[in-house]
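Engineer: What follows is a single structure, and I will ask about it in a moment.
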Amino acid sequence: QNSPSLKRASTAFGGTVQYGYNLAIMNVPTVYIQNFINETFQERWGMYLEVYKVTLIWTFIVSVFSLGGLIGALLAGPMSIHFGRKKTLLLNNIFLMSSALLAVTSRTARSFEMIMISRFLVGINAGVSMNVQPMYFGESAPKHLRGAVSLSSAVFTSFGVVLGQVVGLRELLGCESCWQYLLASNAVPGFIQLFTLPWFPESPRYLLIDRGDKDACLKALRLLRGCEVQRSELDEMLQEQAEVQGKRAQQPWELIADRSVRWQLISITIISSAMQLCGNDSIYFYASYIFQEAGISAEDTQYVTIGTGICEFTACILAEGMLLVGGYALMAGWAVIFTVALHFRYHVVYWMPYLSMVCVFTYILSFGMGPAGVTGILPTEIFNQTARPAAYMIAGSLMWLNLFIIGMVFPFLVSGLGQFCFVPFGAVCLITALFVGLVLPETNGKTLSMITSEFHMLNFREQERTDPKSKQAHYQQGEVIHCIAL
(Lines of atoms letter the chains of each structure in order from A; the text may use other names.)
(Lines give C-alpha, C1' and ligand atoms only; values in the text may rest on other atoms or scores of the structure.)
Protein backbone atom coordinates (compact mmCIF):
# COMPACT_ATOMS: atom_id res chain seq x y z
CA GLN A 1 0.00 0.00 0.00
CA ASN A 2 2.93 2.36 0.61
CA SER A 3 4.54 1.62 -2.77
CA PRO A 4 3.25 4.76 -4.59
CA SER A 5 4.42 7.08 -1.79
CA LEU A 6 7.84 5.44 -1.60
CA LYS A 7 8.16 5.57 -5.39
CA ARG A 8 7.36 9.28 -5.45
CA ALA A 9 9.94 9.96 -2.73
CA SER A 10 12.58 7.88 -4.52
CA THR A 11 11.89 9.57 -7.86
CA ALA A 12 11.77 13.09 -6.43
CA PHE A 13 15.05 12.88 -4.49
CA GLY A 14 16.87 12.71 -7.79
CA GLY A 15 14.22 14.78 -9.58
CA THR A 16 12.49 18.01 -8.59
CA VAL A 17 14.37 18.11 -5.27
CA GLN A 18 17.47 18.85 -7.36
CA TYR A 19 15.86 21.90 -8.95
CA GLY A 20 14.98 23.53 -5.63
CA TYR A 21 18.22 22.43 -3.96
CA ASN A 22 20.48 23.83 -6.69
CA LEU A 23 18.61 27.14 -6.70
CA ALA A 24 19.10 27.56 -2.95
CA ILE A 25 22.74 26.52 -2.47
CA MET A 26 24.10 29.30 -4.72
CA ASN A 27 23.01 32.14 -2.43
CA VAL A 28 25.47 31.64 0.45
CA PRO A 29 28.86 31.09 -1.31
CA THR A 30 28.55 34.16 -3.55
CA VAL A 31 31.34 36.15 -1.89
CA TYR A 32 33.60 33.11 -1.46
CA ILE A 33 33.39 32.09 -5.13
CA GLN A 34 33.88 35.69 -6.29
CA ASN A 35 37.05 35.85 -4.17
CA PHE A 36 38.13 32.51 -5.65
CA ILE A 37 37.66 33.91 -9.17
CA ASN A 38 39.81 36.93 -8.33
CA GLU A 39 42.51 34.82 -6.65
CA THR A 40 42.63 32.52 -9.68
CA PHE A 41 43.15 35.45 -12.04
CA GLN A 42 45.89 36.83 -9.78
CA GLU A 43 47.71 33.47 -9.70
CA ARG A 44 47.47 32.98 -13.46
CA TRP A 45 48.11 36.46 -14.80
CA GLY A 46 49.21 38.52 -11.79
CA MET A 47 46.20 40.82 -11.89
CA TYR A 48 43.00 41.40 -9.95
CA LEU A 49 39.72 41.84 -11.80
CA GLU A 50 37.54 44.90 -11.43
CA VAL A 51 34.33 44.42 -9.48
CA TYR A 52 32.03 44.50 -12.49
CA LYS A 53 34.11 41.82 -14.26
CA VAL A 54 33.93 39.52 -11.25
CA THR A 55 30.19 40.13 -11.06
CA LEU A 56 29.84 39.33 -14.76
CA ILE A 57 31.64 35.98 -14.37
CA TRP A 58 29.60 35.19 -11.26
CA THR A 59 26.35 36.04 -13.08
CA PHE A 60 27.28 33.65 -15.86
CA ILE A 61 28.05 30.87 -13.34
CA VAL A 62 24.58 31.33 -11.85
CA SER A 63 22.74 31.75 -15.18
CA VAL A 64 24.39 28.83 -16.98
CA PHE A 65 22.26 26.57 -14.74
CA SER A 66 19.20 27.82 -16.68
CA LEU A 67 20.88 27.20 -20.05
CA GLY A 68 21.67 23.64 -18.95
CA GLY A 69 18.05 23.26 -17.89
CA LEU A 70 16.93 24.34 -21.36
CA ILE A 71 19.14 21.64 -22.95
CA GLY A 72 17.80 19.10 -20.44
CA ALA A 73 14.21 19.99 -21.29
CA LEU A 74 14.94 19.37 -24.98
CA LEU A 75 16.59 16.03 -24.18
CA ALA A 76 13.77 14.87 -21.90
CA GLY A 77 11.30 14.05 -24.68
CA PRO A 78 13.52 11.82 -26.83
CA MET A 79 15.05 10.13 -23.77
CA SER A 80 11.67 9.34 -22.19
CA ILE A 81 10.42 7.85 -25.47
CA HIS A 82 13.53 5.78 -26.16
CA PHE A 83 14.48 4.64 -22.65
CA GLY A 84 11.19 4.95 -20.78
CA ARG A 85 10.37 7.22 -17.86
CA LYS A 86 12.12 5.32 -15.07
CA LYS A 87 15.31 4.50 -16.97
CA THR A 88 15.59 8.14 -18.13
CA LEU A 89 15.55 9.30 -14.53
CA LEU A 90 18.26 6.80 -13.63
CA LEU A 91 20.48 7.69 -16.62
CA ASN A 92 19.98 11.36 -15.81
CA ASN A 93 22.21 10.91 -12.76
CA ILE A 94 25.24 10.70 -15.09
CA PHE A 95 24.98 14.49 -15.53
CA LEU A 96 24.56 14.95 -11.78
CA MET A 97 27.53 12.85 -10.71
CA SER A 98 29.78 14.45 -13.35
CA SER A 99 28.72 17.86 -12.07
CA ALA A 100 29.45 16.96 -8.44
CA LEU A 101 32.90 15.62 -9.35
CA LEU A 102 33.83 18.83 -11.16
CA ALA A 103 32.51 21.01 -8.32
CA VAL A 104 34.36 19.22 -5.53
CA THR A 105 37.70 19.25 -7.42
CA SER A 106 37.45 22.81 -8.79
CA ARG A 107 39.14 24.42 -5.80
CA THR A 108 42.09 22.03 -5.82
CA ALA A 109 42.45 22.48 -9.58
CA ARG A 110 42.24 26.29 -9.16
CA SER A 111 39.67 26.49 -11.97
CA PHE A 112 36.46 28.51 -11.81
CA GLU A 113 35.72 27.21 -15.33
CA MET A 114 35.06 23.81 -13.75
CA ILE A 115 32.34 25.44 -11.62
CA MET A 116 30.72 26.79 -14.80
CA ILE A 117 30.72 23.36 -16.43
CA SER A 118 29.46 21.82 -13.21
CA ARG A 119 26.51 24.21 -13.06
CA PHE A 120 25.72 23.58 -16.73
CA LEU A 121 25.67 19.80 -16.20
CA VAL A 122 23.50 19.97 -13.08
CA GLY A 123 21.19 22.25 -15.06
CA ILE A 124 20.80 19.51 -17.68
CA ASN A 125 20.00 17.07 -14.87
CA ALA A 126 17.35 19.40 -13.45
CA GLY A 127 15.90 20.09 -16.91
CA VAL A 128 15.42 16.39 -17.64
CA SER A 129 14.00 15.56 -14.22
CA MET A 130 11.60 18.55 -14.13
CA ASN A 131 9.97 17.17 -17.30
CA VAL A 132 10.16 13.41 -16.82
CA GLN A 133 9.26 13.22 -13.13
CA PRO A 134 5.78 14.84 -13.47
CA MET A 135 5.18 12.67 -16.55
CA TYR A 136 6.13 9.56 -14.55
CA PHE A 137 3.93 10.59 -11.61
CA GLY A 138 0.93 11.52 -13.77
CA GLU A 139 1.04 8.34 -15.85
CA SER A 140 1.34 6.16 -12.74
CA ALA A 141 -1.41 7.77 -10.65
CA PRO A 142 -5.09 6.76 -10.74
CA LYS A 143 -7.51 9.36 -12.07
CA HIS A 144 -8.92 10.40 -8.68
CA LEU A 145 -5.43 11.00 -7.22
CA ARG A 146 -3.79 12.91 -10.07
CA GLY A 147 -4.49 16.27 -8.42
CA ALA A 148 -2.76 15.22 -5.20
CA VAL A 149 0.10 13.63 -7.13
CA SER A 150 0.54 16.84 -9.13
CA LEU A 151 1.13 18.74 -5.91
CA SER A 152 3.77 16.26 -4.73
CA SER A 153 6.27 17.46 -7.36
CA ALA A 154 5.93 21.00 -6.02
CA VAL A 155 6.26 19.72 -2.44
CA PHE A 156 9.56 18.06 -3.28
CA THR A 157 10.80 21.15 -5.15
CA SER A 158 10.10 23.38 -2.15
CA PHE A 159 11.61 20.75 0.13
CA GLY A 160 14.76 20.97 -2.01
CA VAL A 161 14.81 24.76 -1.48
CA VAL A 162 14.55 24.36 2.31
CA LEU A 163 17.16 21.59 2.33
CA GLY A 164 19.57 23.73 0.30
CA GLN A 165 19.04 26.72 2.59
CA VAL A 166 19.71 24.62 5.70
CA VAL A 167 22.77 22.84 4.29
CA GLY A 168 24.07 26.24 3.13
CA LEU A 169 24.13 27.68 6.65
CA ARG A 170 27.55 28.95 7.69
CA GLU A 171 27.56 26.44 10.56
CA LEU A 172 27.31 23.56 8.04
CA LEU A 173 28.68 23.80 4.47
CA GLY A 174 28.15 27.52 3.86
CA CYS A 175 31.53 28.57 5.24
CA GLU A 176 34.58 29.70 3.28
CA SER A 177 36.45 26.41 3.68
CA CYS A 178 33.55 24.18 2.54
CA TRP A 179 31.84 25.91 -0.40
CA GLN A 180 33.14 23.33 -2.90
CA TYR A 181 31.52 20.55 -0.83
CA LEU A 182 28.29 22.55 -0.74
CA LEU A 183 28.21 22.70 -4.56
CA ALA A 184 28.90 18.94 -4.74
CA SER A 185 26.41 17.96 -2.03
CA ASN A 186 23.66 17.57 -4.64
CA ALA A 187 25.14 14.12 -5.35
CA VAL A 188 23.63 12.78 -2.09
CA PRO A 189 19.98 12.91 -3.28
CA GLY A 190 21.15 11.39 -6.57
CA PHE A 191 22.67 8.40 -4.76
CA ILE A 192 19.41 7.93 -2.84
CA GLN A 193 17.54 7.70 -6.14
CA LEU A 194 20.07 5.33 -7.70
CA PHE A 195 19.76 2.92 -4.77
CA THR A 196 15.95 2.97 -4.49
CA LEU A 197 14.26 3.74 -7.82
CA PRO A 198 15.34 0.47 -9.57
CA TRP A 199 13.01 -1.41 -7.18
CA PHE A 200 9.91 0.34 -8.55
CA PRO A 201 8.04 -0.29 -11.82
CA GLU A 202 8.00 1.64 -15.08
CA SER A 203 5.04 3.88 -15.94
CA PRO A 204 2.03 1.59 -16.68
CA ARG A 205 0.83 3.83 -19.51
CA TYR A 206 4.25 3.81 -21.13
CA LEU A 207 4.37 0.00 -20.93
CA LEU A 208 0.90 -0.42 -22.46
CA ILE A 209 0.66 2.39 -25.00
CA ASP A 210 4.29 2.92 -26.09
CA ARG A 211 5.62 -0.61 -25.63
CA GLY A 212 2.40 -2.57 -26.19
CA ASP A 213 3.21 -4.84 -23.24
CA LYS A 214 -0.12 -5.45 -21.49
CA ASP A 215 1.26 -8.05 -19.06
CA ALA A 216 4.02 -5.70 -17.85
CA CYS A 217 1.43 -2.93 -17.50
CA LEU A 218 -0.83 -5.11 -15.32
CA LYS A 219 2.15 -6.19 -13.21
CA ALA A 220 3.19 -2.55 -12.68
CA LEU A 221 -0.37 -1.55 -11.75
CA ARG A 222 -0.66 -4.37 -9.20
CA LEU A 223 2.63 -3.35 -7.62
CA LEU A 224 1.66 0.34 -7.50
CA ARG A 225 -1.91 -0.18 -6.26
CA GLY A 226 -1.14 -3.04 -3.87
CA CYS A 227 -4.24 -4.89 -5.07
CA GLU A 228 -5.95 -6.19 -8.19
CA VAL A 229 -6.35 -3.70 -11.02
CA GLN A 230 -9.74 -2.02 -11.29
CA ARG A 231 -11.43 -2.66 -14.61
CA SER A 232 -12.35 1.02 -15.10
CA GLU A 233 -8.71 2.11 -14.82
CA LEU A 234 -7.53 -0.47 -17.35
CA ASP A 235 -10.38 0.46 -19.72
CA GLU A 236 -9.31 4.10 -19.63
CA MET A 237 -5.77 3.13 -20.65
CA LEU A 238 -7.06 0.78 -23.35
CA GLN A 239 -9.28 3.54 -24.72
CA GLU A 240 -6.29 5.89 -24.95
CA GLN A 241 -4.27 3.10 -26.57
CA ALA A 242 -7.01 2.62 -29.18
CA GLU A 243 -7.09 6.34 -29.93
CA VAL A 244 -3.35 6.51 -30.65
CA GLN A 245 -3.06 3.08 -32.26
CA GLY A 246 -0.57 3.18 -35.12
CA LYS A 247 0.58 6.72 -34.33
CA ARG A 248 4.18 7.52 -33.49
CA ALA A 249 5.29 10.02 -30.87
CA GLN A 250 4.96 13.59 -32.17
CA GLN A 251 7.81 16.04 -32.47
CA PRO A 252 7.49 19.59 -31.05
CA TRP A 253 7.18 21.19 -34.50
CA GLU A 254 4.43 18.71 -35.42
CA LEU A 255 2.58 19.59 -32.24
CA ILE A 256 2.79 23.29 -33.05
CA ALA A 257 1.29 22.67 -36.51
CA ASP A 258 -1.52 20.42 -35.20
CA ARG A 259 -4.76 22.40 -35.01
CA SER A 260 -6.46 19.78 -32.84
CA VAL A 261 -4.18 20.69 -29.89
CA ARG A 262 -3.91 24.43 -30.54
CA TRP A 263 -5.52 25.58 -27.28
CA GLN A 264 -3.79 22.89 -25.24
CA LEU A 265 -0.49 24.25 -26.57
CA ILE A 266 -1.52 27.86 -25.90
CA SER A 267 -2.46 26.86 -22.35
CA ILE A 268 0.87 25.25 -21.46
CA THR A 269 2.75 28.09 -23.19
CA ILE A 270 1.07 30.74 -21.05
CA ILE A 271 1.09 28.80 -17.79
CA SER A 272 4.68 27.49 -18.12
CA SER A 273 5.93 31.00 -18.95
CA ALA A 274 3.97 32.52 -16.06
CA MET A 275 5.63 30.01 -13.71
CA GLN A 276 8.84 32.07 -14.00
CA LEU A 277 7.55 35.46 -15.17
CA CYS A 278 5.43 35.76 -12.01
CA GLY A 279 8.65 36.66 -10.17
CA ASN A 280 8.52 34.02 -7.44
CA ASP A 281 12.19 33.09 -7.87
CA SER A 282 13.08 36.78 -8.04
CA ILE A 283 11.43 37.42 -4.70
CA TYR A 284 13.84 34.89 -3.18
CA PHE A 285 16.63 37.07 -4.52
CA TYR A 286 15.01 40.20 -3.07
CA ALA A 287 14.21 38.65 0.34
CA SER A 288 17.60 39.43 1.93
CA TYR A 289 17.30 43.12 1.08
CA ILE A 290 13.75 43.29 2.46
CA PHE A 291 14.72 41.58 5.71
CA GLN A 292 17.65 43.97 6.20
CA GLU A 293 15.29 46.89 5.58
CA ALA A 294 13.11 45.48 8.38
CA GLY A 295 16.04 45.82 10.79
CA ILE A 296 17.34 42.26 10.72
CA SER A 297 21.13 42.07 10.82
CA ALA A 298 23.07 40.65 7.89
CA GLU A 299 24.30 37.80 10.13
CA ASP A 300 20.74 36.75 10.97
CA THR A 301 19.32 37.18 7.47
CA GLN A 302 20.37 33.68 6.42
CA TYR A 303 18.20 32.18 9.17
CA VAL A 304 15.18 34.34 8.35
CA THR A 305 15.55 33.55 4.63
CA ILE A 306 14.98 29.89 5.46
CA GLY A 307 11.48 31.02 6.39
CA THR A 308 10.74 31.76 2.73
CA GLY A 309 11.55 28.17 1.76
CA ILE A 310 9.58 26.76 4.71
CA CYS A 311 6.69 29.03 3.71
CA GLU A 312 6.46 27.57 0.20
CA PHE A 313 7.02 24.03 1.49
CA THR A 314 4.14 24.39 3.98
CA ALA A 315 1.87 25.94 1.36
CA CYS A 316 2.50 23.09 -1.10
CA ILE A 317 1.62 20.50 1.57
CA LEU A 318 -1.55 22.29 2.67
CA ALA A 319 -2.66 23.36 -0.82
CA GLU A 320 -5.95 21.73 -1.69
CA GLY A 321 -8.43 23.22 -4.10
CA MET A 322 -7.19 26.78 -4.72
CA LEU A 323 -4.88 25.83 -7.57
CA LEU A 324 -4.18 28.13 -10.52
CA VAL A 325 -6.85 30.87 -10.52
CA GLY A 326 -6.79 31.55 -6.79
CA GLY A 327 -3.00 31.33 -6.59
CA TYR A 328 -2.32 33.85 -9.36
CA ALA A 329 -5.13 36.16 -8.23
CA LEU A 330 -3.71 36.34 -4.70
CA MET A 331 -0.20 36.89 -6.06
CA ALA A 332 -1.45 39.82 -8.13
CA GLY A 333 -3.04 41.34 -5.03
CA TRP A 334 0.08 40.90 -2.90
CA ALA A 335 2.23 42.41 -5.67
CA VAL A 336 0.13 45.59 -5.42
CA ILE A 337 0.49 45.73 -1.62
CA PHE A 338 4.21 44.97 -1.93
CA THR A 339 4.62 47.91 -4.32
CA VAL A 340 2.83 50.26 -1.91
CA ALA A 341 4.96 49.04 1.00
CA LEU A 342 8.19 49.56 -0.98
CA HIS A 343 7.06 53.05 -2.01
CA PHE A 344 6.50 54.17 1.60
CA ARG A 345 9.30 52.17 3.23
CA TYR A 346 11.37 55.25 4.19
CA HIS A 347 8.63 57.67 5.18
CA VAL A 348 4.99 58.07 6.28
CA VAL A 349 4.76 54.81 8.28
CA TYR A 350 7.68 53.27 10.15
CA TRP A 351 6.32 49.71 9.96
CA MET A 352 6.18 49.59 6.15
CA PRO A 353 9.39 47.49 5.92
CA TYR A 354 7.68 44.88 8.11
CA LEU A 355 4.69 44.89 5.77
CA SER A 356 7.16 44.28 2.91
CA MET A 357 8.47 41.28 4.81
CA VAL A 358 4.94 39.93 5.26
CA CYS A 359 4.35 40.36 1.53
CA VAL A 360 7.41 38.20 0.80
CA PHE A 361 5.91 35.32 2.75
CA THR A 362 2.34 35.70 1.50
CA TYR A 363 3.44 36.00 -2.12
CA ILE A 364 5.40 32.74 -1.80
CA LEU A 365 2.49 31.12 0.09
CA SER A 366 0.11 31.99 -2.74
CA PHE A 367 2.53 30.56 -5.31
CA GLY A 368 2.95 27.35 -3.34
CA MET A 369 -0.81 26.85 -2.90
CA GLY A 370 -1.50 26.89 -6.63
CA PRO A 371 0.86 27.42 -9.57
CA ALA A 372 3.79 25.54 -8.02
CA GLY A 373 1.87 22.26 -7.96
CA VAL A 374 -0.34 22.30 -11.02
CA THR A 375 1.98 23.66 -13.72
CA GLY A 376 4.27 20.63 -13.88
CA ILE A 377 1.50 18.05 -14.22
CA LEU A 378 -0.71 19.97 -16.69
CA PRO A 379 0.75 18.48 -19.93
CA THR A 380 0.05 14.99 -18.56
CA GLU A 381 -3.61 15.85 -18.05
CA ILE A 382 -4.38 17.56 -21.38
CA PHE A 383 -2.20 15.71 -23.93
CA ASN A 384 -2.36 12.08 -25.03
CA GLN A 385 0.52 9.62 -24.90
CA THR A 386 1.94 10.43 -28.36
CA ALA A 387 1.90 14.20 -27.80
CA ARG A 388 2.95 14.24 -24.13
CA PRO A 389 6.78 14.10 -24.50
CA ALA A 390 6.76 16.90 -27.10
CA ALA A 391 4.43 18.97 -24.89
CA TYR A 392 6.81 18.59 -21.97
CA MET A 393 9.74 19.60 -24.19
CA ILE A 394 7.94 22.82 -25.15
CA ALA A 395 6.73 23.59 -21.61
CA GLY A 396 10.11 22.83 -20.05
CA SER A 397 12.02 24.86 -22.62
CA LEU A 398 9.80 27.88 -21.99
CA MET A 399 10.19 27.55 -18.24
CA TRP A 400 13.99 27.44 -18.37
CA LEU A 401 14.25 30.15 -21.02
CA ASN A 402 12.08 32.49 -18.94
CA LEU A 403 14.08 31.65 -15.81
CA PHE A 404 17.24 32.72 -17.64
CA ILE A 405 15.59 35.94 -18.86
CA ILE A 406 14.27 36.84 -15.41
CA GLY A 407 17.66 36.11 -13.84
CA MET A 408 19.35 38.50 -16.25
CA VAL A 409 16.66 41.22 -16.33
CA PHE A 410 15.60 41.46 -12.68
CA PRO A 411 18.59 43.56 -11.47
CA PHE A 412 17.83 46.08 -14.23
CA LEU A 413 14.14 46.13 -13.24
CA VAL A 414 15.14 46.97 -9.68
CA SER A 415 17.48 49.78 -10.74
CA GLY A 416 15.16 51.11 -13.45
CA LEU A 417 11.74 50.83 -11.82
CA GLY A 418 12.75 51.07 -8.17
CA GLN A 419 9.80 50.49 -5.88
CA PHE A 420 7.62 49.64 -8.90
CA CYS A 421 9.79 46.66 -9.88
CA PHE A 422 7.05 44.16 -9.03
CA VAL A 423 4.35 45.84 -11.13
CA PRO A 424 5.26 43.70 -14.21
CA PHE A 425 5.06 40.54 -12.10
CA GLY A 426 1.66 41.54 -10.74
CA ALA A 427 0.43 42.15 -14.30
CA VAL A 428 1.62 38.68 -15.36
CA CYS A 429 -0.23 37.10 -12.41
CA LEU A 430 -3.45 38.99 -13.19
CA ILE A 431 -3.40 38.12 -16.91
CA THR A 432 -2.67 34.46 -16.14
CA ALA A 433 -5.50 34.26 -13.57
CA LEU A 434 -7.94 35.69 -16.12
CA PHE A 435 -6.79 33.28 -18.83
CA VAL A 436 -7.10 30.24 -16.57
CA GLY A 437 -10.49 31.31 -15.25
CA LEU A 438 -11.97 32.13 -18.65
CA VAL A 439 -10.32 29.63 -21.01
CA LEU A 440 -8.72 26.59 -19.37
CA PRO A 441 -11.22 23.74 -18.74
CA GLU A 442 -11.31 22.06 -15.34
CA THR A 443 -9.26 18.82 -15.41
CA ASN A 444 -9.64 17.49 -11.87
CA GLY A 445 -11.34 14.08 -11.79
CA LYS A 446 -11.89 13.91 -15.57
CA THR A 447 -10.61 11.37 -18.08
CA LEU A 448 -8.41 12.45 -20.97
CA SER A 449 -11.29 11.88 -23.42
CA MET A 450 -13.56 14.26 -21.49
CA ILE A 451 -10.85 16.94 -21.32
CA THR A 452 -10.04 16.50 -25.04
CA SER A 453 -13.72 16.99 -25.93
CA GLU A 454 -13.82 20.31 -24.09
CA PHE A 455 -10.68 21.51 -25.84
CA HIS A 456 -12.14 20.31 -29.15
CA MET A 457 -14.86 22.94 -28.78
CA LEU A 458 -12.17 25.63 -28.47
CA ASN A 459 -9.93 24.29 -31.24
CA PHE A 460 -12.74 24.05 -33.82
CA ARG A 461 -15.03 26.84 -32.60
CA GLU A 462 -15.00 28.68 -35.94
CA GLN A 463 -15.85 25.50 -37.85
CA GLU A 464 -18.87 24.89 -35.62
CA ARG A 465 -20.19 28.38 -36.25
CA THR A 466 -20.19 27.83 -40.01
CA ASP A 467 -21.44 24.22 -39.78
CA PRO A 468 -23.80 23.72 -36.79
CA LYS A 469 -24.34 20.05 -37.67
CA SER A 470 -20.68 19.29 -37.02
CA LYS A 471 -21.14 19.78 -33.29
CA GLN A 472 -23.37 16.73 -32.97
CA ALA A 473 -21.08 14.67 -35.16
CA HIS A 474 -17.91 15.56 -33.25
CA TYR A 475 -18.91 15.75 -29.61
CA GLN A 476 -21.28 12.91 -28.94
CA GLN A 477 -19.43 10.66 -26.50
CA GLY A 478 -18.93 7.06 -27.56
CA GLU A 479 -17.92 4.01 -25.57
CA VAL A 480 -15.58 1.16 -26.41
CA ILE A 481 -16.58 -2.17 -24.88
CA HIS A 482 -13.09 -3.53 -24.26
CA CYS A 483 -14.18 -6.86 -22.81
CA ILE A 484 -15.66 -7.72 -26.26
CA ALA A 485 -12.92 -5.99 -28.26
CA LEU A 486 -10.25 -8.06 -26.53
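Placement of Cβ uses the backbone N, Cα and C atoms for every residue, glycine included.
These numbers come from a predicted model, not from an experiment.
These came from TrEMBL, pasted as-is:
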{"type": "DOMAIN", "residues": "8-444", "note": "domain 'Major facilitator superfamily (MFS) profile'"}
{"type": "TRANSMEM", "residues": "56-77", "note": "transmembrane segment"}
{"type": "TRANSMEM", "residues": "115-136", "note": "transmembrane segment"}
{"type": "TRANSMEM", "residues": "148-167", "note": "transmembrane segment"}
{"type": "TRANSMEM", "residues": "322-342", "note": "transmembrane segment"}
{"type": "TRANSMEM", "residues": "354-378", "note": "transmembrane segment"}
{"type": "TRANSMEM", "residues": "390-410", "note": "transmembrane segment"}
{"type": "TRANSMEM", "residues": "416-440", "note": "transmembrane segment"}
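I would like each feature placed in context: is it buried or exposed, what are its neighbours, and how far apart are things?
Structural biologist: Across the domain 'Major facilitator superfamily (MFS) profile' (8-444), the model assigns an average pLDDT of 81.
Using a Cβ-Cβ cut-off under 8 Å and counting only residues 6 or more beyond its ends in the same chain, the transmembrane segment (115-136) has close neighbours at 11-12, 14-16, 18-19, 22, 33, 60-62, 64-77, 79-80, 85-86, 88-89, 92-93, 95-96, 98-100, 102-103, 106, 150, 153, 183, 186, 190, 203, 376-377, 379-380, 388-389, 392-393, 395-396, 399-400.
Residues 271, 274, 278-280, 352-353, 355-356, 359-360, 362-363, 366-367, 369-375, 418-423, 425-427, 429-430, 432-433, 436-437, 440 of the same chain sit 6 or more residues outside the transmembrane segment (322-342) yet have a Cβ under 8 Å from a Cβ within it.
Beyond the ends of the transmembrane segment (416-440), by six or more residues, the same chain brings 263, 267, 270-271, 274, 277-279, 282-283, 324-325, 328-329, 331-332, 335-336, 338-339, 342-343, 345, 410, 458 to within a C-beta distance below 8 angstroms of the stretch.
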